[in-house]
Amino acid sequence: MINTRRNFVNKLMLGLFSVATFVALVPLFALLGYVIKNGITSLNLDFFTKLPAVMGMSGGGMANAIAGTLILIAIASIIGIPIGILVAIYLTEYDRYSWLSTTVRFTTDVLTGIPSIIIGIVVSMAIVAKTKHFSAFAGGVSLAVIMIPLVIRSTEEMLKLVPHAIREAGYALGISQRRIILNIVLPTAAKGIITGAMLAVARVSGETAPLLFTALGNQYWTHSLFKDPIASLPVQIYTYATSPYDEWHRQAWAGSLVLIAIILCLNLIARFAFRSRSN
Amino acid sequence: MSTDNNRLYESMGDKVLRYVTLLMAILVVILMIWIGWQMFSSSQESIQHFGWAFITSRVWDPVHHIFGALPFIYGTIVTSVVALIIAAPIGISVAIFLNEMAPSTIRKVVAFLVELLAAIPSVVYGLWGIFVLAPVLRQSVEPWLTKWFGFIPWFKGAPVGFDMFGGGIILAIMILPTITSISREVMAAVPTAHREAALALGATKWEMIRLSVLSYSKSGILGSIMLGLGRALGETMAVTMVIGNMPKISSSLFSSAYSMAAVIANEFTEATYSLYLSSCIEIGLILFGITLLLNIFARLLVWSVARGPKGGHLV
């Protein structure tokens, strides 16, 4: 009698967990479905090659926003990835257990939880207010700040997987610590580090909030990375989605499709092409 | 001679790399402190002008230079709580399903799909919220809730779709991956021996999950919920697009509202005088303070579970 009740509760709970998992995935498919359905009908060659049309007019594209997103990602990566990898090297190779590395590790974790809009405000005050220009540089810096903790964490995990024996073999041969790190440890972990960096890039390429105050947005081509505001896909999607024009709504869906495609490609390449043996 | 030079060069190189990495590591800590200091110093004008009344005042009137943050704080908290009520049970269930129940092929696929949910940009959630979710809420879900549960003040009022309920649902979808992935991390840290012990004593699978897995990892799960909450509080774009952007306080979830992040997003670049700008930044400061405390506390909880009790020196 007791056993039937326990079995029933068991089945009920396990069933609930399965149903919840199903429920959790419904929004994903609903969202992807709508983005693909609405996006594909508005995608054409013009979308990739033309500037946005005048307000409310049909036609036009998001060429400048696509290029802008790529430029912003490039700036962010140039700043964020090296810094992130260097910090991770410090945390794994030089100083794993001291109070300083614990503090850095903890700060890194906390930094990932700071809302991106706050980073937008701070970078805007530090760069935009000082230079008097919204710029690709300011936008890139704000994305870099978001990237750094992500790169640190993923690189650190990968460096930790490199067996100690490899380092010790290097020392036994009399190789200097720098060469062991640069020529042995980093290449061993390279695939994993690249994976982590690409996931970080994918993560920031959809960021909108920090760009609102730093890169701003632009209906035209940008001529200076330091003096002109620059368009980006996420900000353009936001502007179009909240506008009253049907044509712009269609463009917003198409933009979303392109943005998701970029992010998805980065994710898939990171996961499958550079998958390290340990995963 | 040349070997000596070589050695000197090598040891110089060692020092350079060591100090460069050390410098960058310290830079991360300085960055964090600097962010806090920037927010604090830039909101001084508003802090001195309004004092504590800033947090308790309901009036946000840029034309008359009066700023109060209460409606935004209210909107942020209500949407985040709605999100948690929906996402926490589902997110933890998914974590249990993935860790304890699913065969490895299903686990890989579902885990990937859940991560995909986290990879979708917030602005796309917002777009979907405007054109798909809000109409569905307005036409079917909200009228149904009003009809059957209208006696509860939360579900009263004319459905608009662009409201705190919609904001909460969008947030729930967005924070679910956070809760799931971190819960999984702490559940994975439960020693297999604990599970085997429970099963050996004749526990059913659910009893094993409850007695071994959940009780061992509960503080870490709590941490994952708090990290989800932190993400919900600071989430900007999707909420801005579906919450309706009206600075008012209503007991009904079906009422348009405003959130802290949303008002910053909308008004920061339009703040035409310094008190206005400073008030926007002070809202940012409050948001920063809340998410900072929440993250510190949550991380400590997660660390204490996922990295073993003291020291955590196991690599």
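Glycine residues also receive a Cβ, built from the backbone N, Cα and C atoms like all the rest.
Quantities reported herein were computed from a predicted structural model and do not represent experimental measurements.
What TrEMBL says about this protein:
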TRANSMEM  A:12-36  transmembrane segment
TRANSMEM  A:65-89  transmembrane segment
DOMAIN    A:66-270  domain 'ABC transmembrane type-1'
TRANSMEM  A:110-128  transmembrane segment
TRANSMEM  A:134-152  transmembrane segment
TRANSMEM  A:180-202  transmembrane segment
TRANSMEM  A:252-274  transmembrane segment
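Taking pairs at least six residues apart, the transmembrane segment (A:110-128) and the transmembrane segment (A:65-89) share fewer than three Cβ pairs below 8 Å and do not count as touching. The list of residues near the transmembrane segment (A:180-202) in space but at least 6 beyond its ends in sequence, with Cβ under 8 angstroms from a Cβ of it, reads 73, 76-77, 80-81, 84-85, 89, 93, 147, 150-151, 153-155, 157-159, 161-162, 166-167, 170-171, 263, 266-267, 269-271, 274-276, 278-279. Panel annotation: around the transmembrane segment (A:65-89), residues 48, 52, 104, 108, 136-137, 139-141, 143-153, 155-156, 159, 181, 186, 193, 197, 200-201, 204-205, 211, 215, 218, 221-222, 225, 230-236, 255, 258-259, 262 of the same chain, lying at least six beyond its termini, place a Cβ under 8 Å from a Cβ of the stretch. Beyond its flanks by at least six residues, the transmembrane segment (A:134-152) meets 68, 71-81, 83-85, 87-88, 91, 108-109, 111-112, 116, 119-120, 123-124, 127-128, 196-197, 199-201, 203-204, 207, 210-211, 213-216, 222, 224-230, 232 of its own chain at Cβ-Cβ distances under 8 Å.
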